[in-house]
Amino acid sequence: MSKSGTILYLDGVSVSFDGFRAINNLSLVLDRGEMRAIIGPNGAGKTTMMDIVTGKTKPDSGEVYFNGEIDLTRHDEADIAMMGIGRKFQKPTVFESHTVEDNLMLSLKGPRSIFPALFHRKTADEARRIDDILGIIRLGDKRHMLGANLSHGQKQWLEIGMLLAQDPKLLLVDEPVAGMTDAETEETARLLKDIAKTHSVVVVEHDMHFVRELGVKVTCLHEGSVLSEGTLDFVSADDRVVEVYLGR
Amino acid sequence: MITRRFFANGADRRVFITIGLLLGAAIVVPILNIALPPDSAFHVPSYMVALVGKYLCFALLALALDLVWGYCGILSLGHGAFFALGGYAMGMYLMRQIGDRGVYGNPILPDFMVFLNWKELPWFWYGFDQFWFAAIMVMLVPGLLAFVFGWFAFRSRVTGVYLSIITQAMTYALLLAFFRNDMGFGGNNGLTDFKDILGFNVQANTTRSAIFAASAVALALGVFITWAIINSKYGKLLIAVRDAESRTRFIGWRPENVKLFAFTVSAVMAGIAGALYVPQVGIINPGEFAPANSIEVVIWTAVGGRGTIVGPIVGALLVNAGKSWFTGVLPEYWLFALGGLFIATTLFLPRGVIGMWDHWMATHRERKAAALPPSAGAPAAPTPQQREWQASATGGAPEPQPAE
């Protein structure tokens, strides 16, 4: 399989924790500009896969390449984030004692060393970027609210906004609609589809209605490796998928 | 424009009032002490100048701790070590100023070295006859220790209780080391019997007043620097690291560097506090490294309100004034009172005195705003004023995470 033209390339990746194989010979390829939904029962290794891509966990074996050329196993979280991989956590994580605007300001692409941050003055360009993102994530009227005072769904959007502020090439989005109302879920699907026009996106999600709404290729993980891959209709018609979801 | 920025919200106004008060005290207190006759009603007695000067040094130490604990969530139980190192650097300068006026009359060697039969000055005492050199060391030694210690600790991602324990171990190790006579720092007795500072008699009223003024100015400067740091983008990052360290890492920041900078700046501030403390009390000994001292600093900060700039200063002044009074009236019960105070603060005043005050004011204002007719209140976008209330209701008095 050729790495060129791919944004994310995992081949034969395995990792175990205390003898438990969380990821088992996993291979997954994402093309540039593609959006992919990843489903799978609890413990299938979805979050561990994201940990490996973002440098939080080092794989025991296998290849992990970003953009066809960068070996991600050699870099740490901050490096990988700077290369252009943004990650949204399963539990929405924003800076609760900062305003929505400051949350985005801290995430904006730019130098990441201490002294420039000490003497930083907000530029007109940055203000414009923040306004743009606030428009995209539909939080324009909440810009002065503290992160802690946002609703669950708004925190999810703010976190997605923080990823966008980094101007990443690839977004990893872990359970973006967990705990959202139906209306919020629809809005989020629209938001992610918008983002996918200009970015590569990996979405991990349990909610099948949401995955259907996204209308993209689906990969089903089970026990740390790929069980089935294709359209949602194809995957959900697969007997093995039905089996792992419903049990024997 | 600049004044608007300076007085943008209540917390900032309070910081500038504090700086004004400190600078005012630096001028007025020495005048009231020196220029007025002792029988005047406005005369400030000399013992009071020395006592409050000492409290101001403690306040600077508490402020230094607050920068790392309140704003970055690093609960250091070893900040007394940086304070003591700054104090020792100043003590070494003062020792060398004694010259041949010591008991043994040796022009170069301090008394304790003569007593131990040392023939020449150890290399690390070179340069301490110069004030400028000592002044640099006051900042450099604590700063360097904090940098090296922090570099290893933060890089290894040691956080929470584990970090607190190793900071405590650090100060305890230094305590044991400085107790040893062959370390060359006076062992058990430490450094004392000082005569001159910059050519002036340390015991003189004028000198004491001048050191008081220097302490007040140093604290004012510390407040300003802390305020400037907290209000920069870096300061926001510091709070972000406190609240969600992994989030900062996944957007590309390196939390270890963020912490390291704050820890080093804080250690330098603590060192300066120690250096100003030593000439006012006239002695520095290994007891300053005692873990209990560092824990007491945590109590001052908690009582005043961590995560606020004025809080640790108020806390240090209140608790130490209480200590002076209490140890006079019921000396044997002071430690019980201190322990009880810490428990009471944790249970009933988790945000400290200042945090509680802010919270109380915010709810009071909200109630007042709610009482207004609806047509007058509730604009669509929050005014800066409202934002400030929100901030002081939650963000301004953040709930520091318990050590994980």
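Quick reminder: no glycine exception, Cβ is built from N, Cα and C everywhere.
Per TrEMBL, the stretch carrying the note transmembrane segment among B:106-129, B:298-321 is B:298-321. By the Cβ criterion (distance under 8 Å, sequence gap of 6 or more), the transmembrane segment (B:161-179) is not counted as touching the transmembrane segment (B:258-278), fewer than 3 such pairs being found. By the Cβ criterion (under 8 Å, sequence separation of 6 or more), the transmembrane segment (B:15-35) is in contact with the transmembrane segment (B:210-230), since 3+ such pairs are found. Only sequence-distant pairs (6 or more apart) were considered; of these, fewer than three Cβ pairs between the transmembrane segment (B:131-154) and the transmembrane segment (B:298-321) are under 8 A, so the stretches are not in contact. The transmembrane segment (B:210-230) shares the most Cβ pairs under 8 Å with B:47-69, out of the stretches B:47-69, B:76-95, B:258-278, B:333-354. Contacts between the transmembrane segment (B:47-69) and the transmembrane segment (B:333-354): absent, as fewer than 3 C-beta pairs lie under 8 angstroms at sequence separation of six or more.
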